[in-house]
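According to TrEMBL, the protein has these features:
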{"type": "REPEAT", "residues": "89-121", "note": "repeat 'ANK'"}
{"type": "REPEAT", "residues": "136-158", "note": "repeat 'ANK'"}
{"type": "REPEAT", "residues": "297-329", "note": "repeat 'ANK'"}
{"type": "REPEAT", "residues": "478-499", "note": "repeat 'ANK'"}
{"type": "REPEAT", "residues": "631-656", "note": "repeat 'ANK'"}
{"type": "DOMAIN", "residues": "706-809", "note": "domain 'PGG'"}
{"type": "TRANSMEM", "residues": "710-731", "note": "transmembrane segment"}
{"type": "TRANSMEM", "residues": "751-775", "note": "transmembrane segment"}
{"type": "TRANSMEM", "residues": "787-809", "note": "transmembrane segment"}
{"type": "TRANSMEM", "residues": "815-834", "note": "transmembrane segment"}
Amino acid sequence: MEELIMSWDLYTAALKGDVGILSKEQGTGEGAASTRNVGYNEFDKYFLTYTLEERNTILHVAARNGENLNFVVEALKRFPTLIDQKNSKGETAFHISARQGNKDIIEHLVTFYCDIEATAAKNNDTEPVWRVKNSEGDTPLHIAMKRGKIQVVLFLISLDNSLAGSVNNRGETPLHLAAEICTGVGASNNGLIKQSSSGGKLREDILRVIYLLLRKPSFAVLMRDKDGLTPLLKAACCRNCIPFISVLIAYNPQLSEQRDLIGRTILHLMNIEGYKEGKRFLATPEINPLKDEQDFDGDTPIHIAIKNSDFMKVRVLMECSADFTINNSCGISAWDLIHSQEDFAIRMKDETDKAMDGLMERQMYRAAMGGDVQFLSQHDDIYFLSRTKEGNNILHIALGSESMKATNIVIDALKRCPILLCQTNSHGDTPLHLAARLRSLAAQELTISCKDTFQNKLELVVGASFLYSAPWRVKNLEGNTPLHEALRAGNAICARILLLLDDEVASFVNNNKETPLHFYAKYQQIPGPLWRDGSLAEIQLPEGGELDLLLTANMSALFSRDMDGLNPLLRAAQRNNFETIRRILDCCPSSAEICDLSGRMFLHLMPLDDKTEVLLESSQIKAQIEARDHEGNTPLHIAIRNRQFKKVKVLLKHGSKDLLDMVNSQGEAPIDLIRLQIQVPHEILELFRDMSQMPQGIYGMPEVEVKENVHILLVIAVLLATITFAAGFTVPGGFNDSGVPILINEGAFKVFLISNAYAMCSSMLALFSLFWFMTGKASEALKLIDLSVFVLQQAFYGTIVAFMTGVYVTISPKALWTAILVCILCSGLILCSFKPLNMLLSRIFSFAHGILHTVAVSAENAGLPYISCLCYALLSGSHLESSTEAK
């Protein structure tokens with residue numbers, strides 16, 4: 001019959017599995033001509049039409065959906081010839097169902113074919129429908145394998161053994177396709193990580209398929225596709241190929257000898273992504289010999305790995321002792337390729353270390369902390385490579401443990417997995433960094449064993465020294481080597497051991513440009529061994545102290561500056577590390593000539609005292625007494641500012657008088673700075689007075705004491721200003737109704753007003769002077785204080801006169817003699833305020849005090865307690881109390 005285009009209604013019904021359309025008695029009949037199929041009436045041709053583009057029949061369309069089984073059953077009952085109809089791609093409904101994984105439909109197609117068409121196929125000598133190939137040469141098994149429809153694959157293999165040996169147009173057997181599926185090719189399209197219909201993971205099901213395919217025609221494992229690849233070589237070209245390859249090698253170890261068209265083995269072709277998996281794979285007897293095999297160009301697997309930047313593969317081959325010296329046909333070795341690529345070692349270490357960082361299990365963490373060697377012995381060496389979230393391996397953890405058994409962990413781990421010694425945590429610390437800081441026996445064991453572990457074990461592994469630096473040379477995130485850390489912790493014995501291992505580390509600088517010698521000067525070293533002496537007996541520690549060893553290893557470090565511009569001598573001076581200073585000066589006096597970034601030299605930084613005064617016996621140091629920094633400050637300037645009065649005393653003792661006249665860039669001499677200090681020791685003041693005329697005010701107040709007393713003057717001035725201001729508005733005698741003072745016409749009243757105003761103005765002037773003192777220059781301080789004292793004295797005089805005249809004008813009309821007596825007393829007070837008279841009164845008081853004290857003691861001894869008590873009462877209340885107790 002002529003081919004007709006399938007109607008929209010029929011297509012929709014086949015797609016949805018609408019069986020009702022098949023029960024119609026007739027079709028539309030539009031466009032029908034005649035049919036070549038005898039037995040089909042004019043109405044049947046409606047159901048035998050094809051789609052427009054791919055020429056699919058209703059059986060092709062229905063086979064796309066696994067739920068259309070009933071439609072498929074009914075369609076085949078009515079139109080049996082549909083079972084072998086092909087579309088434009090040469091595919092039958094078998095191919096369509098295999099692609100979609102519709103196992104139920106495939107089973108029915110097989111059953112139907114066997115029941116209805118078997119005899120016809122045999123008589124016609126035709127292939128069964130499940131062996132039919134599409135235009136690409138794929139059988140339904142090929143298609144199901146490509147799509148990862150495992151249940152369909154298992155069914156078809158059990159249906160017909162010969163399918164395992166069928167090849168498509170590319171020469172691929174189902175085993176070739178199984179290699180691609182198993183290794184993850186097309187995983188994103190084929191749902192590789194989804195659950196299969198049997199409930200297991202797809203990878204596990206694929207491995208089951210591989211085992212079945214291997215039991216079928218054995219020649220399938222030897223067949224090559226059009227690229228010359230066998231299933232084994234095909235798998236090697238894919239990612240995650242180790243499981244598939246391992247199965248095939250286990251099936252037939254001779255397969256490991258297979259090579260492609262240019263002589264490459266599976267080890268040439270494969271990538272290695274997992275460290276543990278790769279190490280185990282290379283350890284198998286069939287694979288290990290391949291590591292040095294050459295292809296037709298002379299390239300070994302390591303050549304190919306380096307060219308492809310397959311860092312994990314390079315690392316695994318290194319640790320499996322691959323030969324890096326083999327030359328290819330161009331005369332290039334693997335080492336040559338590595339050196340031709342910039343930063344290859346750094347990039348390789350960074351990427352492979354990330355891939356190796358498996359998270360440590362809780363049981364292993366506890367075993368490391370508790371020293372449980374028995375637990376660790378139950379696992380292989382690769383198990384030791386796991387780490388915590390902070391990047392600590394079992395050595396880091398064991399070193400931090402307080403368990404006495406932690407030493408056993410260290411010994412066992414170094415023996416089984418020496419690479420642990422070179423691993424760093426998130427702070428960049430190797431286990432040796434931790435051991436340098438700690439005092440534990442485990443730390444001692446690791447430090448002592450590190451040389452043997454690295455040099456005698458790790459370096460035996462080809463390329464280990466290329467990939468890893470010696471652990472005593474590794475820097476952490478701060479740039480510190482284990483030697484830095486040992487010196488910071490004061491671990492003198494550990495430092496000596498590390499210097500014995502490699503004295504070049506004495507030249508290493510950290511991120512702050514500090515050498516180990518800087519750390520020695522910066523931190524106090526603890527003398528004597530921190531560890532048990534017995535375990536150190538086998539180590540021949542070098543003679544001399546750590547400082548001698550550091551100087552011998554790197555004398556140039558004495559002239560090296562850190563980020564603060566300090567060399568080791570300046571750092572020792574800053575920390576007052578006297579013994580280190582003396583040893584450095586004995587060894588290299590010229591190092592004292594180095595200055596820091598501010599131009600300060602050794603004597604600027606050194607806090608001198610009586611003990612360290614001996615350093616000034618050195619001519620280089622004594623010459624620095626008058627040295628200036630970039631701001632013109634001498635050591636004396638710095639000492640005064642830092643209130644280092646012991647140092648001031650030493651500098652004044654050894655310095656000349658010219659030292660006091662040296663000014664800095666701000667015009668300040670040492671005398672100017674000492675004026676601004678408070679609570680200066682009397683001894684220092686006396687030294688300044690002896691060496692120069694120490695400035696003091698007219699009233700005898702040294703300038704250095706001004707700041708201590710200025711607040712007292714300020715309070716006095718405020719009180720006087722307040723009193724005199726109030727007195728101006730509360731005048732004696734009061735006011736009349738007009739608000740005018742009643743005694744305004746009295747002469748004494750006028751004197752009261754003038755003297756009160758004089759006192760108020762004087763006290764206010766003192767306040768202004770003190771204000772300018774607080775905001776003015778240090779050189780003007782004495783003048784302002786002298787003025788303040790003078791005007792305060794005038795304010796006192798004015799206040800006394802105002803009081804005297806105010807009392808006089810108020811009471812003289814009624815009590816003249818009393819007023820006169822008040823005036824006499826106040827006048828005497830004014831006279832006594834002058835210093836000579838005031839000192840005379842003090843002497844008289846002191847003399848009278850002595851006489852009364854003598855009389856009191858004599859009366860007490862003579863048994864006259866009342867006279868004694870009277871004398872003590874005149875002297876003080878405390879004496880009266882003591883006298884009463886005596887009585």
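Keep in mind that glycine also has a Cβ here, set from the backbone N, Cα and C atoms.
Between the repeat 'ANK' (136-158) and the stretches 89-121, 297-329, 631-656, the greatest number of Cβ pairs separated by less than 8 Å involves 89-121. For the repeat 'ANK' (297-329), the model's average pLDDT works out to 89. Under 8 Å from some Cβ of the transmembrane segment (815-834) lie the Cβ atoms of residues 793, 796-797, 800-801, 803-804, 807-808, 841, all in the same chain and six or more residues away from its ends.
Nonlocal intrachain contacts for the repeat 'ANK' (631-656), taken as residues 6+ away from its ends with a CB within less than 8 angstroms of a stretch CB, comprise 598-600, 603-604, 606-610, 613, 616, 622, 624-625, 662-666, 668, 670, 673-674, 677, 680-681, 683-684, 687-688, 691. For the transmembrane segment (710-731), the list of distant contacts is 741, 743, 749, 752-753, 756-757, 759-760, 762-764, 766-767, 770, 773-774, 785, 788-789, 792, 795-796, 798-799, 802, 806: same-chain residues at least six beyond its ends, Cβ to Cβ under 8 Å. A Cβ distance under 8 Å defines the sequence-distant neighbours of the transmembrane segment (751-775), meaning residues of its chain 6+ beyond its ends; these are 706, 710, 713-714, 716-718, 720-721, 724-725, 727-728, 731-732, 781, 784-785, 787-788, 791-792, 794-799, 801-802, 805-806, 809.
The repeat 'ANK' (136-158): residue composition by secondary structure is 16 helix, 0 strand, 7 coil, according to DSSP.
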